[in-house]
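According to TrEMBL, the feature compositional bias 'Basic and acidic residues' maps to 1-14. Residues or ranges marked as region 'Disordered' in TrEMBL: 1-27. Taken from TrEMBL, the feature transmembrane segment covers 48-67, 74-94, 100-125, 146-166, 188-207, 214-234, 302-325, 337-356, 377-396, 463-483, 503-522.
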Amino acid sequence: EKQLLNHMADKEQRPLPGRSSHAGNLSQSEKKLQEAICVLLVELCERFTFFGIVCNMILFCTVKLGYRNYQAAIVNMCFVGTSMLTPVLVGWLAECLVGRIKVVCVCMFLHFLGTALLPVVAFPFEDIYIDRRHILHTLTKREQKIVFYFALLTASLGIGGIRAIVCPLSAYSLEDCGPKELLSFFNWFYWLINLNSAVVFVSISYIQQSVARNLGFLLPFVSMLMAMITIHMVRGEMIYKPKTDSSLLTTFGVIASALKTCCVRYRYFSGGVTSWLDHAKENYGGQYSETQVESTKSLARLFPLFAFQILYRTCIMQIPSGYYLQTMNSNLHFSGFVLPVAAMNVISIVPLLILVPILECINSCLFSSKDTGHSPTIYIVVGQLSAALSVMVAGFSEIHRKHFPQVEQTLSEEVLLVSSMPCFHLAPQYILLGVAEALVTPSCSLLSFRLVPERIRGISMHFLTLFNGAGCFMGAFFVQTAHAGTQGNWFPHLLHEGKLERFFFFLASLMMVNTLGFWTIAHRYNNLNQEYTNEFRGSLPEEKLLKHEKAIKHYASVLESSPILSPMEKT
């Protein structure tokens, strides 16, 4: 009734069509366009800083800080994973404790501090002389590591605030989009992100590695200034304020309440509920309304989808870890020019930039027919299979790389013994992972956003982010376990003396099992949208009230038309 009254009030308050309304609509559209452009610019600037930090972190850790290969890979994957998890934490702090504007200011300062401290670690103090006898004070290795980790932590916290508050997906007004429009949005959204990363990998990696390796860490600082200027241009109008219908605490509270009720009253709930989450409802002794529990149930259906993305994300994280080490230990000379190591990542981005227009055509063909109803799970299965093949090809490439004689190669003023195999022989594994990323990531985002009620779509995307971050930490755990369990043989410091290919084959076998496991449950998500519309919408209190009213009217009509009633029934 309140929704009906508000809707009628909105209709009464609408202005008559005329020049004023036309001008108002025009200014409103211009404002939305300006906000969308600003959000996109901030998104690109944030990605620019992120990829600028990640692209040559392994080379910096091994050459500058003296880390071993597995340690540098672990640091890189943990930073990426932390940058994925912090948006969820910062978003919760902004909604429940601190406030969005204050959190944005704090995160901007943290990001600025982190990107400013990175050049302090990288700067060659030993090259600056005050006079002939004294040089500028040099940071020790221990001090460099402390400042380095503190800079990475503050930068990741700043990245989380920007992604969660300034650039959430809900700021793009996707509520009224259908499956076709959503898939198209996610395809082009990740296309722009990868286009930006391609520019970063080529430019910053070359600056850091060849021209002025210490100047490269100043570029994230400059990019962060661009993001701050962009945010200041709109003076807070681009800070999106989402609806406060649901939160992560509510979702976790429903799960905890259901588990608690199941444990306490297990003997009394033999078959009275259809799902274990129903124990959290107020009707069954819980603390949450039926709408909140039904929303959590629709989200719980996606947990298997999220779980199968963990190992896939571990395979994707081989690009800045295992694949990077392979490229760094290959011949980077090409026609008298030394290629940057991180520039090989562009090979994995090119398939995505090419496939997105093709997938758009396929998307249009699939959704143009109303009878087919194809699910994006097909793309996910094919993409995960491509990721498994990529890691397997990486193992064979590692065996092939060892057959070439070793040569000396200079990287960041350090002479290294590397294989004489041209780095372009590693292109197939990069291409396969690029195909996988083009197929899997937009499809998973579509399913996570579309197959839940509108009020918890942000929560669903947060859970997808949490599981992707868990995949990064899973990759770091695999590297640490492989190095410790095999005494450095499966993830060696000198690749020509170890068996890195065994680590790739092990990961490829796990990914094949993961793909088969997801293929067995993929049918659950083919018609999940139809199940959601039938089950969840029918369980809303408003619609249940209408059903009860119809039942009462039907019962009254039966009483009136019944010719004979017993005395008990009449009373």
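Every residue, even glycine, has its Cβ placed from backbone N, Cα and C.
It should be emphasised that the depicted structure is a prediction, and the values quoted were computed from it without experimental measurement.
Here the transmembrane segment (100-125) touches the transmembrane segment (48-67). Their Cβ atoms form 3 or more pairs under 8 Å, with each pair 6 or more residues apart. Away from its own ends, the transmembrane segment (337-356) comes close to residues 55-56, 59, 187-188, 190-191, 194-195, 197-198, 201-202, 204-206, 208-210, 319-320, 323-324, 327-328, 409-411, 423, 426-427, 430-431, 433-435, 437-439 of its chain (Cβ-Cβ under 8 Å, at least six residues beyond either end). Below 8 A, the CB atoms of the transmembrane segment (302-325) and the transmembrane segment (188-207) form no more than two pairs separated by six or more positions in the chain, fewer than 3 in all. Of the candidate ranges 48-67, 188-207, 503-522, 503-522 has the most C-beta pairs within less than 8 angstroms of the transmembrane segment (377-396). By the Cβ criterion (under 8 Å, sequence separation of 6 or more), the transmembrane segment (146-166) is in contact with the transmembrane segment (74-94), since 3+ such pairs are found. With a cut-off of 8 Å on Cβ pairs spaced 6 or more residues apart, the transmembrane segment (74-94) and the transmembrane segment (463-483) reach 3 or more such pairs and are scored as touching. Sequence-distant residue pairs (6 or more apart) of the transmembrane segment (463-483) and the transmembrane segment (503-522) include at least 3 whose Cβ atoms are under 8 Å, placing the two stretches in contact. Counting same-chain residues at least six beyond the ends of the transmembrane segment (188-207), those with a Cβ under 8 angstroms from any Cβ of the stretch are 40, 43-44, 47-48, 51-52, 55-56, 213, 215-216, 219, 340-343, 345-346, 349-350, 352-353, 356, 437-438, 441-442.
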